[in-house]
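What follows is a set of notes on a single structure, which appears directly below.
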Amino acid sequence: MATVNTDATDKDISKFKVTFTLVVSGIECITGILGSGFITAIYGAEWARGKTLPTGDRIMLMLSFSRLLLQIWMMLENICSLLFRIVYNQNSVYILFKVITVFLNHSNLWFAAWLKVFYCLRIANFNHPLFFLMKRKIIVLMPWLLRLSVSVSLSFSFPLSRDVFNVYVNSSIPIPSSNSTEKKYFSETNMVNLVFFYNMGIFVPLIMFILAATLLILSLKRHTLHMGSNATGSRDPSMKAHIGAIKATSYFLILYIFNAIALFLSMSNIFDTYSSWNILCKIIMAAYPAGHSVQLILGNPGLRRAWKRFQHQVPLYLKGQTL
């Protein structure tokens, strides 16, 4: 059975690494919590008032709510793993964190993939019968596809609670040339089971996201070249919007892939627990949902207007509280 074994002591992580990781990932998580929380509040309020949300807004509501939970959970895990290492390295606690992290990440990747597929079908133009069929059916099928995504994420996350991770703490490791002892944290990861369940849970949404993003970029690029050939000029607002959409889609396609890779590397314990590479994985995992949430707000006219109203109302509210 292929396993990865790692061990670490309290001396392996410096105060600088702890502070750096908590500050950087904390800023990312708080940014993501504010962004995802804002989107959830806007669309959640409309849904609570009995309004029927359009399909795109419904996907964004589910994506933002799951990201809100994910970023809160990631921040909690970072605090626990760095400041309360003995508690975190209890097998039941460690497995609980990993299973929920994978479930929330898989759900997020599925929802992000469906959002990209939906926008691709709405915006892109391709003369293919399958594309036209999906264009007509996507609104009807989307509620069922979102529910199926949650079920699939759960199905490939829960098995990670058995025969994948094993961690323990030995508090009686003797220190050479000293009469004292130190704590040592051991972890074992069954790579065969992890690779199987992780890849099964992420393979389909990853391919969907890459395919939808690529088709969207090609369609927008083709339309932009057509506009350029008609001498509309690079200053045309429509062309600028298309170029901006191409850049945003390209950036988040790359970040989406890096996030999936970072999640796997972090889960597999290939790197030492407190190594710089593992810290980098944590930062990437926190950066993607935070950055995408901000981009969703800035790229959506309705959310952008709501954010400006919110920014205007907060100082007025704080001023009223001080009176």
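Each residue, glycine too, has its Cβ placed from N, Cα and C.
Per Swiss-Prot, the features are:
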- 1-14: topological domain 'Extracellular' (TOPO_DOM)
- 15-35: transmembrane segment (TRANSMEM)
- 36-58: topological domain 'Cytoplasmic' (TOPO_DOM)
- 59-79: transmembrane segment (TRANSMEM)
- 80-100: topological domain 'Extracellular' (TOPO_DOM)
- 101-121: transmembrane segment (TRANSMEM)
- 122-140: topological domain 'Cytoplasmic' (TOPO_DOM)
- 141-162: transmembrane segment (TRANSMEM)
- 163-190: topological domain 'Extracellular' (TOPO_DOM)
- Asn170: N-linked glycosylation site (CARBOHYD)
- Asn179: N-linked glycosylation site (CARBOHYD)
- 191-211: transmembrane segment (TRANSMEM)
- 212-247: topological domain 'Cytoplasmic' (TOPO_DOM)
- 248-268: transmembrane segment (TRANSMEM)
- 269-276: topological domain 'Extracellular' (TOPO_DOM)
- 277-297: transmembrane segment (TRANSMEM)
- 298-323: topological domain 'Cytoplasmic' (TOPO_DOM)
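A contact links the transmembrane segment (191-211) to the transmembrane segment (101-121), because at least 3 Cβ pairs that are 6 or more residues apart lie under 8 A.
Packing against the transmembrane segment (59-79) from elsewhere in the chain are residues 21-22, 25-26, 28-30, 32-33, 35-37, 39-40, 43-44, 47, 53, 88, 97, 100-101, 104-105, 107-108, 111-112, 114-115, 118, 142, 146, 282, 285-286, 289-290, 292-293, 296, 300: each is 6 or more residues past its ends and has a CB under 8 Å from a CB in it. Counting Cβ pairs closer than 8 Å and at least 6 residues apart in sequence, the transmembrane segment (15-35) and the transmembrane segment (248-268) reach fewer than three and form no contact.
Taking pairs at least six residues apart, the transmembrane segment (248-268) and the transmembrane segment (141-162) share fewer than three Cβ pairs below 8 Å and do not count as touching. Sequence-remote contacts of a segment are chain residues at least 6 beyond its ends whose Cβ falls under 8 Å from one of its Cβ atoms, and for the topological domain 'Cytoplasmic' (122-140) they are 55-56, 215-216, 218-220, 223. Here the topological domain 'Extracellular' (1-14) has a mean pLDDT of 71 out of 100. Shown for the topological domain 'Cytoplasmic' (36-58): DSSP residue counts in helix, strand and coil, namely 17 helix, 0 strand, 6 coil. The topological domain 'Extracellular' (269-276): residue composition by secondary structure is 1 helix, 0 strand, 7 coil, according to DSSP. Within its own chain, the topological domain 'Extracellular' (269-276) has Cβ neighbours under 8 Å at 4, 6, 8, 12-13, 17, 185, 187, 189, counting only residues six or more beyond its boundaries.
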